[in-house]
Every structure is written in structure tokens, then in C-alpha cells.
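S.K.: Here it is, the structure, as C-alpha cells.
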Amino acid sequence: MRATSYLIPSLLLTTQIQAVPAWLSPGYSVPTTLLDPGHNKLGAVASESAICSEIGTAALQAGGNAADAMVATTLCVGGISNEIEGDGTHLGHLFDRSATLGRLLIDRMTLIGMYHSGIGGGGFMLARHSNGSYEFIDFRECAPAAATENMYKNNVNASIHTGLASGVPGELRGLAYLHDNYGSLPWEDLVMPAVEVARNGFPVTADLVRYEANAVAGIDNFLVNNPTWAIDFAPNGTLLGLGDIITRKRYADTLETIAKRGVDAFYSGPLAETFINTVQSNGGIMTLEDLENYTIAIRPPSAIDYRDYKITSGSAPSSGTVLASVMKIIEGYPTIGEAATLNLSTHLFDEAIRFAYGQRTELGDPFFVEGMTAYQADKLSETTAAAVRAKISPLHTLNVSAYDPSGFESLETPGTSAVVTTDVTGMAISLTTTVNLLFGSQIMVPETGVILNNE
């Protein structure tokens, strides 16, 4: 029987599903046919941008692995937005070990997603090593040391559009950890594709136009009226429109510094000083020490059995338990997903999600909230899944209080990006990253073009 491995990204979490493939067993060796440089089965890359995925694929073709592909793809996704015409041959030098990059970037070059992710934010990664072991990497933003529980009391806007809303960013530390422990290509080679596109420019497309409109709805158009933003988004005094060329030259310079000097250049020195000056001048309390002291957290992965599969995900403070809870609930419906029960299956799946999201409101950071390990284990137990199924009616939905007895509101979070990479050795990585709301806190560092999160 042929075993298959699945990697499923989510906007909520990082999760990998597998059917215990043969290549995880001790003593497995990669077939020589797959090691042939002419063979096309080097791995796979999936992101919200086809061209960012191609950049990751180019890293694989340059002799890199899934970790290298993840670094290159993520920095592309978080860099800019949309498309640039051209054959991409001017970028062929960026991966020194491969002549394929120029051919890959045919018709357009895209860096996408500055409105929802970037090096001013953070996220989670779940990495599966080629030997079958898992590592869950938490590079989420952290509160500054001077933060207090009540600092947003009677001042909701301070948690959204001020420097006080920004946590210490972790994306670069997370990517650096991944590269140091799993990668094989030079760091600079992986960062430079994003530098080139940010500097040379790219056309504005419908997605960016829509997100810009959503971001400024009902408020001052900071993209035009704030000089720091206008340099990129309204260089002639008018917001760039569909098809216009936009550049992010300051951001390109920032990434180039990081490419040549490593991520420490972001967490200390001139780049760090400009970041902190911007935070503090906008009412924030973050300090240089907060940046310098930022570290990622290695947390235990979470795993469940689902029928003939093993599902491995991130644990709290990610929402891996949410997806796993949904799967444990629907596991008890033998015909779910069958064509003959499509309508009922949709209803049952929706109800399972509602209950899991009710559980999500009780999740917290185990470093600060006691009992998270026991809470997650309880929500993933067969007993809890059966109890939830007993509450679900096949005929109707329930009052909202049934799903969320504690009454906590579950807010939408529109700004998140997911990336998945795999390679021929069996290494697989799933990542989710964000600056939270559209354009984060809507504050940009004037000197560097980095957008601050509002986590």
C-alpha cells in the first residue's frame, strides 16, 4: 500500500498531516532517481503568491532544502505586493549555484503581502526534519518588558494604531533559527530576491487596491497624507492606482543590510535604533533592550490520531488545538464527507468549528497561563469529542452561548499569511506569519520602510 504525506497550512496555525510514510522509518535511503539533478521531484512550495512560490522553488533547484525555500518565500511574501513584468533574467545571479532562477521568473515578479505580514511581525513554524522528528518554533511578537495588564484600559485605540500596540517583532529571528539549524544555502542568496524586487518596483494590482481601501475606510488616508507612507504609496501626491509602478526602496536597503550582515543588524545597531525611535515617538514603550533580548521559543508539538492518519500541529499559544479538536469531533461521524451526505457533512463540520472556536477563547501562552497543557489534552480527548457531538443537532444550529459558554468574543484577524515547503529528503515546514490587522499598526519606520505590527 502506498503511503502519502500531506502538509496542510492554515491561517490559524501550522499543521502537518501524514499517513506514516515509509521514508520516516529508520534506515530509509532516498531513491537515487530522486537525487538526479535532472529529476523534477525536488520538493514543493506553496504560498499565496505563485511567484513567491517560484522563488522558493528556485532555492530548491539551486541545491537548497525546504528550510532555504521557506526563508526565500517568506521574505518575498512579506515584502511588497503584486506583479512586475519582465523575464526575470536580471535576478539569475541571486542563487549562485543555479542558472534556473532567471528562467523561473518568466512574465512577472511578485512580492506580496506587506499589508498583512513582514519583518515587523511574527508567527509560528512547524518543522519536520528528514529523520521524522518535529520541532515547533514560536517566533510570535512579545510584549515589551514595561508592558502592563491595564495599559489599554479606557484607550482601545492605543492597542490598534499607536506604538503601544506593537510587540517586539520575531519574524527574522524565526527565519534565522530555521536557516541556522536546517538550511544549506548562504543566507544572503536567500534574502536578495526580495531586495531586487522591492528596489526595482512592481505594478499595483486589484488586491492591493482593495486592501488599501479597506485600511483607510472611515479614517484619515495615511497612505497619502502621511509622508512616510506616501513615499511608497503616493509619490506624486495621489495614491498609486491599478497598474501603476510602486517601489519600496527603503525596505530594499533594509533587507540588503540584513542579507549582508545577518538578522542581528535588525535587532541592534542603527536599524534597531530607528525602529525603537519610531515606536516611542508614537507612544510606545519598547526599548532597545527589548529588541536585543528577543528570543524565539521552542515549544512541544501537538499530535492526534485521526482514523488512519497522524496529525501533528503546533501547541498553545498557536491554535493547533483548534484544528485538532475539529478533527476529533468529526471523526465520530462515519459518513462525513461522502457525496450522499454533502449537506449534512457541511453542517456537522460547521458545528464542530463553532465548538472548537469556543474552546479557542480559553487558550493562552503557557509561559504565563497555568494549566494550558492539561486544557489542550482535555479538548483533544475522545471524551470531550463525544460530549461535543452529543450537543450537535443534525437539524439546526444552537444559541451562540452553547458554543462559547464563557462568552468571550472571537474576533476576526484578517492579516495572516501561510507558507509550506517540502523537499526530497522528507523535510517539511509549515509557517504562518502576520503583522495582525491591515498594515499592522499603520505606522512605518521612516528610515527603513518596516511596518510595525499591532499585536
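Cβ from N, Cα, C; glycine included.
Keep in mind that TrEMBL annotations are predicted by a computer and have not been checked by a curator.
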S.K.: Which of these, ARG140, ARG173, does TrEMBL say binds L-glutamate at the same site as THR434, VAL435, ASN436?
M.R.: ARG140
S.K.: Let me know the most crowded of the recorded positions, choosing from THR416, THR434, ASN436 and counting other Cβ atoms within 10 Å.
M.R.: THR434
S.K.: How many Å lie between the Cα of THR416 (active site, nucleophile) and the Cα of THR434 (L-glutamate binding site)?
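M.R.: Just about 5 Å between their Cα atoms.
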S.K.: Let me know the DSSP-derived helix, strand or coil state of THR434 (L-glutamate binding site), please.
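M.R.: It is in a strand.
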